[in-house]
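See below for the structure under consideration.
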Amino acid sequence: MSRKQLALFEPTLVVQALKEAVKKLNPQAQWRNPVMFIVWIGSLLTTCISIAMASGAMPGNALFSAAISGWLWVTVLFANFAEALAEGRSKAQANSLKGVKKTAFARKLREPKYGAAADKVPADQLRKGDIVLVEAGDIIPCDGEVIEGGASVDESAITGESAPVIRESGGDFASVTGGTRILSDWLVIECSVNPGETFLDRMIAMVEGAQRRKTPNEIALTILLIALTIVFLLATATLWPFSAWGGNAVSVTVLVALLVCLIPTTIGGLLSAIGVAGMSRMLGANVIATSGRAVEAAGDVDVLLLDKTGTITLGNRQASEFIPAQGVDEKTLADAAQLASLADETPEGRSIVILAKQRFNLRERDVQSLHATFVPFTAQSRMSGINIDNRMIRKGSVDAIRRHVEANGGHFPTDVDQKVDQVARQGATPLVVVEGSRVLGVIALKDIVKGGIKERFAQLRKMGIKTVMITGDNRLTAAAIAAEAGVDDFLAEATPEAKLALIRQYQAEGRLVAMTGDGTNDAPALAQADVAVAMNSGTQAAKEAGNMVDLDSNPTKLIEVVHIGKQMLMTRGSLTTFSIANDVAKYFAIIPAAFAATYPQLNALNIMRLHSPDSAILSAVIFNALIIVFLIPLALKGVSYKPLTASAMLRRNLWIYGLGGLLVPFIGIKVIDLLLTVCGLV
């Protein structure tokens, strides 16, 4: 579930952004953006020149210099406004989370058990390792792990999802987040962080931090923009002696205007806004990125590791068929399978009971009335079952049942091996049923591949992204599901060590890997992956290992994360192309206007036939300022994204933003020149 999206130009945010834009005019804020800092210096210089001209201290057209100065200040303000608006949208999204931190006091237990004596302490004084008790109606005061109890928890303040979730001690559902509310029962929680280090604190600090860390690509682009600025600064500085030698020296105001129009001010003014907006869009999708670096890495990812259950399939495996062993009738197998599943509350266990009832009208029986003993499933045994009278019935994985049969002096039938392979090749998971040492047959558990997932994988393949399915199933089952879903590769019988080894293998090949995880056993792989999306419902260890947290705990979100990352990179690249391309058109406006008096041959470049040198220069400066504000919506929303190959995407962007960057300034500058002339302003 995504958070409610803010309107692009929310009035409250616009007003606040305008105030922030003015505050950012101070030099300490400006020098962080070298391109706009040059514009700021130019604005200050032309302001001083226009004042000197107005007072008679310098010869020249004071009104023209004042107009140039005014529009240069507007250029700086628009760049500041773009960044402030992007930051304001992120802060507004985080403000809803600030309200979550309501807990004033907590009940700190003197001993780590329910019923122990408790002291009432301020929540902000809780330290890592402290034990607290929370009951129905309480706000959880800190991030932590449940060490005793189980409760229904409302996490809507953080996730936006209204349905409560169960949190209990043990397993992968023991992690709780400070600021969420207990709806029923109680929990004893061990705090896992110190004050100011909670999940909420980190998220709010990230989006409200005064200094956002630049990503590697952003730094590289900034260096390129600085290099271009230095080149154009040196070129402009050499033009004054050339014009003076020609007998008609160009004024400093015109040279400043020329410099500002030559340097890439459009992308320079929008670069920070694009980065902030990328993280904001991620937050809008209910994904918390710990840094802009993580969002950028998502755009460069070329390998996706996707869990089969819940991501590729619906995750609710259902019993679909009873396949008896040779010499066993299907009803006998169904009866034994139902008995073994009577106390099994998993979706798979319930589906076995229901299938036996539907096929053979076998009614459910009460385990207690039968004086039976239920044997629960464990990760070590990998099977479950029931002991009733003198019958010992088990169901489980093929390997587990094989070991069980051989341990009881039996022999695993060859025909059952064949039936297991047949089920696996169909993409189902085989469960073998045994009574004593006699194998009765196989239950086929079928998981449904999500609709449309094959098409999504085909789109990712077009983009050059390899998809790898991760599953605990055997190789035959994994291969069948992988073929049905359309993934490029799969890892069967996956263990945490195998996942980690696979990630390292891809990274050694120079690839960037993304994955999701929710358990403590996923933490090593999450820490190794370039983009690691931890589920909010997962353990604290998983969330700390990842560089993103999905508040919806939806493994499929990884594909959306990659799309948002690629959209941010495309937006930055597209606007850079547009910015550099539209500088070319400005050359045709300013250079003939500034130097035609000295070098008449330059009139040949005046293809726009602008009214006068002053109107040409002023029109170019005005366009240079206005184009920033017109591109703010594109910087904040991102360019339209379509899954294409890298070469097709490059061609598309060059046509739209390269050619568009050449044509738009010609039209815009000409229109502004006509308006200035008609209004008699030049």
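Cβ atoms here come from the backbone N, Cα and C positions, even for glycine.
Per Swiss-Prot, the features are:
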ACT_SITE  Asp307  active site, 4-aspartylphosphate intermediate
BINDING   Asp344, Glu348, Phe377, Thr378, Ala379, Gln380, Ser381, Arg382, Met383, Ser384, Lys395  ATP binding site
BINDING   Asp518, Asp522  Mg(2+) binding site
TRANSMEM  34-54  transmembrane segment
TRANSMEM  62-82  transmembrane segment
TRANSMEM  219-239  transmembrane segment
TRANSMEM  254-274  transmembrane segment
TRANSMEM  588-608  transmembrane segment
TRANSMEM  616-636  transmembrane segment
TRANSMEM  656-676  transmembrane segment
Cβ neighbours within the same chain of Met383 (ATP binding site) - under 8 Å, at least six residues apart: Val375, Phe377, Arg394, Lys395, Gly396, Ser397, Ala400, Ile401, His404
C-alpha spacing of Asp522 (Mg(2+) binding site) relative to Asp344 (ATP binding site), in angstrom: 26
Residue among the binding-site residues Asp344, Asp522 whose Cβ has the most other Cβ atoms within 10 Å: Asp522
Paired segments the transmembrane segment (616-636) and the transmembrane segment (254-274) in contact, 3+ CB pairs under 8 A: yes
Distant-in-sequence neighbours of the transmembrane segment (588-608), which means Cβ under 8 A and at least six residues beyond its ends: 239, 242-243, 246-248, 250, 254-255, 257-258, 261, 614, 616-617, 619-620, 665-666, 669-670, 673
Distance from Ser381 (ATP binding site) back to Asp518 (Mg(2+) binding site), taken between C-alpha atoms, in Å: 23
Tertiary neighbours of Ser381 (ATP binding site) (same chain, Cβ under 8 Å, six or more apart): Gly396, Ala400
Per DSSP, three-state class assigned to Asp518 (Mg(2+) binding site): coil
The transmembrane segment (62-82) and the transmembrane segment (219-239) contact flag, 3+ Cβ pairs under 8 angstroms: no
Phe377 (ATP binding site) CB neighbourhood, other CB atoms within 10 A: 17
